[in-house]
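A.B. asks: The following block contains the structure, expressed as structure tokens.
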Amino acid sequence: MHMPKGFLSFGINIGIKDDTKDFGVIYSEIPCKATAVFTKNNFPGAPVIVGKEHVRSGVLQAIVINSKNSNVATGEKGIQNSREICKIIGESLDIKETLVLPSSTGVIGVPLKMEIILPACKKAKSLLKPGNLEEVAEAIMTTDTRKKISSRNIKTKSGQGTIYGIAKGAGMIEPNMATMLCYILSDVSLPEGTDLYSILKSSVDQSFNCLTIDSDTSTSDTVALLCNGLSGESSVQDFSKALTEICIDLTKLIATDGEGATKLIELTISGAKSEAQARKIGKSILNSPLVKTAIYGGDPNWGRLIMAVGKVFDEPIPFEGLQIYFGTLPVKEANPETLKKLSEYLKNNTEISLNVVLNVGTISMKFWGCDFTEKYIEENAYYTT
């Protein structure tokens with residue numbers, strides 16, 4: 001997997017909670033054109049507050065991330081701590097603190113262990129290495145069971161460039177910007193005047209904002225995009241296509257790694273009258289505990305799907321025209337033989353294709369989620385104990 005030119009990084013353990021990696025830094029040798037989208041939760045974490053201020057200029061050069069503690073609901077002190085982290089990282093890397101994007105993920109309401117984090121910040125420069133982004137992908141994990149990485153190579157005027165994305169997320173996932181963190185790094189540039197935010201927002205709306213694990217929107221969601229341009233200029237069309245593909249890859253990896261999940265669900269809503277209608281109904285289906293547990297248990301209980309469509313009160317769908325399929329098998333009013341095949345399909349596959357045809361329009365959208373198992377409860381009932 002190709003790495004973008006000019007980015008150095010590291011991921012290490014500094015003992016925030018246990019002996020797994022919990023601290024990472026990404027640094028570009030030159031300032032990057034940058035943009036980001038953040039959580040819409042009304043109680044954003046301190047790093048989100050500071051990060052919004054720093055990305056406003058459209059230029060970033062470094063990202064500093066800690067896991068195992070989100071620095072959320074920590075008051076003014078938490079904001080001061082995020083600023084101090086950026087300041088010390090800036091001093092270590094010899095860049096302005098406003099060129100540093102802070103991120104934190106983990107337990108809410110617990111002050112950061114600054115006595116551990118600041119010494120790590122001070123020695124950041126000495127730890128940086130090229131081609132080391134997989135370490136960061138590991139360092140940002142909390143309840144994740146695997147690293148989440150995707151990349152694409154794209155043509156540039158001078159040859160070839162790379163877009164490389166890493167993400168974390170397994171629970172408290174229903175992004176709306178946009179716990180989910182994603183950092184996308186590229187060594188390409190785009191034509192002067194290109195609206196980088198609009199490009200990122202479009203990709204996020206087609207991917208992360210179509211994802212739900214448990215319907216809880218994190219206080220820390222962040223998707224950041226940094227482009228240093230060292231491999232030359234690409235077309236907006238090629239860049240946008242590759243960026244969206246990466247975001248969808250990472251979205252599916254997050255859904256597959258949902259806390260306790262055994263099955264990835266890819267839901268297609270088609271025949272909708274609008275994107276808003278498709279989004280409401282798609283999220284209603286994938287957020288339904290009854291639907292998610294039925295898929296886990298291999299129970300083709302199509303009444304639960306009818307319920308999930310029907311409970312979107314402001315988007316009534318005529319029952320007669322509604323069609324529902326698992327794979328290619330029709331679900332609605334299925335006979336005993338089809339129900340048996342449906343149960344086998346659900347039990348024997350780890351990737352479930354669910355298609356809901358509304359037949360009221362021409363809009364089609366994809367959404368991603370996962371099943372709901374006993375292990376999700378085990379994971380979250382004792383998270384801080």
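Cβ coordinates come from backbone N, Cα and C, glycine included.
The following feature annotations were taken from Swiss-Prot:
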type     : residues                                       : note
BINDING  : Thr142, Lys168, Thr179, Glu259, Asn380, Thr385 : substrate binding site
ACT_SITE : Thr179                                         : active site, nucleophile
A.B. asks: Determine the Cβ neighbour count for Glu259 (substrate binding site): the number of other Cβ atoms within 10 Å of its Cβ.
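C.D. replies: If we count other Cβ atoms within 10 Å of Glu259 (substrate binding site), we arrive at 25.
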A.B. asks: Which site among Thr142, Asn380 has the most other CB atoms no more than 10 Å from its CB, taking these as binding-site residues?
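C.D. replies: When each Cβ's neighbours within 10 Å are tallied, Thr142 tops the list.
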A.B. asks: Within 10 Å of the Cβ of Lys168 (substrate binding site), how many other Cβ atoms are there?
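C.D. replies: Lys168 (substrate binding site) is surrounded by 28 other Cβ atoms within 10 Å.
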